[in-house]
């Protein structure tokens with residue numbers, strides 16, 4: 001299974017790889033949620049949803065449902 | 001000397017301080033209206049640039065891009081694409097914020113491609129050193145082909161420089177920053193051939209958006225090959241967005257330096273406390289308590305003052321004018337009607353004060369984040385918290401506050417259930433009935449039973465809102481994607497000027513908007529209660545004096561006899577069979593009928609009906625009168641525990657507010673939903689009141 005934003009732990013950084021364009025609100029793309037950009041999970045709300053993210057220096061909250069269709073790659077910076 | 005005028009459009013992402021810049025430029029020199037046909041707010045102001053030039057500034061709704069996904073954003077595109085619009089800007093000012101420059105520039109590059117002279121404002125420059133950010137302004141101006149004004153709207157710095165740039169707007173090149181055709185070369189080459197004289201990016205926007213623009217209707221595109229499937233268009237929009245970000249990233253790599261040493265800041269510290277899984281909810285609860293406290297406690301003093309002022313105004317006017325029909329209309333219809341509007345000003349102002357502080361500070365987004373999961377169980381969104389809280393003052397602004405809920409089903413459910421929350425108009429009804437039927441004793445020597453009842457009614461309102469939301473969520477078969485994107489802005493100390501202007505504007509539009517309705521209805525009510533058909537009404541005096549020649553209260557008796565035979569009395573009598581099982585008589589029936597205009601007229605209607613002289617403490621005298629009323633059928637007191645509880649429940653659930661129905665119609669664009677609200681809520685109220693009375697009697 002592919003790794004998505006919903007699999008990330010708090011504080012973990014990753015690079016956005018791919019997503020199904022038809023299920024992503026355009027507003028999120030405009031906030032910088034695009035392949036190649038960095039994403040970090042800042043906080044997860046009580047009960048595990050929604051997620052508070054830093055995407056390409058934009059601070060946004062999205063629901064788990066949306067987060068689970070955005071595929072990511074763990075960034076090298078974080079593995080070091 | 002003739003003063004020249006130029007049109008300016010102020011554009012920007014939400015949360016960049018666009019309104020602060022607007023306030024700095026125009027001061028109180030602004031007016032708020034609506035765009036024709038829709039409920040999007042239109043803010044316009046005037047700014048004096050020099051002795052012979054002034055600017056009309058239009059503060060457009062905040063938008064993340066020119067790809068419209070909401071009504072508010074549509075307004076922006078429609079204006080910018082229509083050269084014939086009277087507000088079409090000579091200059092566009094794009095407001096950005098120094099900390100979110102990357103994202104903010106996306107919109108800037110789109111505006112720039114429309115070939116309108118564009119000035120870039122980088123706001124919150126006072127935070128640059130604190131954040132370790134430095135900008136190479138000449139480089140950025142060169143790359144972005146614009147003039148840049150560094151502004152701190154909080155400190156009022158850079159505004160004069162901005163004004164100078166506006167005066168010299170003709171020096172700004174209208175050359176676009178990005179070559180639109182690189183999105184899809186073949187497609188755009190075809191477009192260029194078909195429309196040689198149009199800007200490519202404008203054509204692109206017209207094709208992708210649902211807007212028409214001067215002489216080019218998207219449905220009349222000559223070649224069907226320009227039409228693309230929705231999916232293809234979205235793919236191209238994504239491609240456009242990526243292209244723009246590539247360009248912006250390249251520019252900022254050179255033009256912006258950030259010293260990462262100051263990474264951990266106030267934001268993450270505050271976030272950790274305010275969104276903590278325990279403290280987060282505790283703090284939110286405390287803030288709610290504070291809001292309720294202010295709405296119901298602190299505003300009682302000014303409300304009493306307004307109330308008594310209108311009573312004295314009424315009697316003063318009566319003493320100044322000669323007696324007659326016109327005087328009666330003014331004294332009994334118009335002035336009490338105006339008082340009914342004015343009395344809500346303190347509560348509305350307090351509510352907007354708090355909401356505006358919570359929004360300005362950035363806290364509201366955190367509440368939305370905290371509450372989303374729990375609210376979704378009821379088919380609501382985290383964003384429904386704001387309307388439900390506002391609903392305790394008035395459902396009208398609350399329903400308008402649902403606009404930022406992206407998911408249509410969640411938004412619709414929020415609109416439909418908001419009127420269940422106990423609005424301020426129910427308060428006078430509750431307090432008089434509670435004081436009549438609930439004993440003023442303490443429970444366990446601690447809780448005042450009357451106060452406890454009032455609190456129960458508030459909880460009942462919220463409970464019913466959530467219950468019906470849950471029910472609607474099960475019933476409504478609307479498929480809409482669970483989109484939910486909330487920007488989490490930086491925490492900011494609310495700016496006094498912004499908060500004050502916002503409170504004044506919102507209060508004003510409540511008073512004039514809802515006020516017109518209440519005023520009109522109170523005049524109609526007065527008419528219906530003061531006139532009647534037939535002999536009985538006209539000869540009231542003779543008939544009453546013949547029946548009770550010796551009564552001391554002849555004038556009162558005549559008045560109530562007249563009322564019984566007035567138009568409204570006839571209406572009341574005709575609905576009596578329907579309300580007798582609930583424990584009401586025809587007089588309460590009239591009060592209920594008039595309450596469909598607005599609940600707060602209940603007490604006033606009863607006051608008129610029981611023909612009490614309006615002297616001294618109005619509620620106390622009504623109370624005495626009501627407590628001695630006898631139900632003609634049962635022979636018991638009319639207001640006893642059974643009928644009282646029945647009335648309380650009826651008012652808690654019934655849809656009795658025409659303005660709310662009108663707003664629901666406006667926001668849902670259909671009569672279906674207000675009709676459902678009216679039938680469901682009132683039907684439910686009737687059933688519950690009936691059951692309560694039959695059990696308790």
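Using the three backbone atoms N, Cα and C, a Cβ is placed for every residue, glycine included.
Per TrEMBL, the stretch carrying the note transmembrane segment among B:278-296, B:297-315, B:316-334, B:487-505 is B:278-296. TrEMBL assigns the feature transmembrane segment to one of the listed ranges (B:450-472, B:542-564, B:565-587), namely B:450-472.
Looking at B:618-640, B:641-663, the range tied to transmembrane segment in TrEMBL is B:641-663. Your range for transmembrane segment, going by TrEMBL and the list B:250-276, B:412-438, is B:412-438.
Checked against TrEMBL, the range among B:217-239, B:378-400 recorded as transmembrane segment is B:378-400. Highest Cβ pair count under 8 Å relative to the transmembrane segment (B:450-472), across stretches B:278-296, B:338-358, B:378-400, B:412-438, B:641-663: B:412-438. Within the chain carrying the transmembrane segment (B:278-296), a Cβ under 8 angstroms from the stretch's Cβ atoms is held by residues 347, 350-351, 354, 358, 363, 366-367, 370-371, 389, 392-393, 424, 427, all 6 or more beyond its ends.
Checking each of the binding-site residues (B:12, B:15, B:61) against residue B:26 (Mg(2+) binding site), the C-alpha distance stays within 10 Å for none of them.
In the three-state DSSP assignment, the secondary structure recorded for residue B:124 (GTP binding site) is coil. Here the CA atom of residue B:124 (GTP binding site) lies 19 Å from the CA atom of residue B:27 (Mg(2+) binding site).
Counting only residues at least six positions away in the same chain, the Cβ atoms of B:16, B:17, B:97, B:98, B:99, B:152, B:153, B:154 sit under 8 Å from the Cβ of residue B:124 (GTP binding site).
Counted within 10 Å of its Cβ, the other Cβ atoms near residue B:23 (Mg(2+) binding site) come to 23, all protein chains included. All protein chains included, residue B:41 (GTP binding site) registers 17 other Cβ atoms within 10 Å of its own Cβ.
Away from its own ends, the transmembrane segment (B:378-400) comes close to residues 39, 288, 291-292, 295, 344, 347-348, 350-352, 355, 364, 367-372, 407, 409-411, 413-415, 417-425, 458, 462, 465-466, 469-470, 472-473, 476, 484, 486, 506, 510, 513-514, 657, 659-660, 663-664, 667 of its chain (Cβ-Cβ under 8 Å, at least six residues beyond either end).
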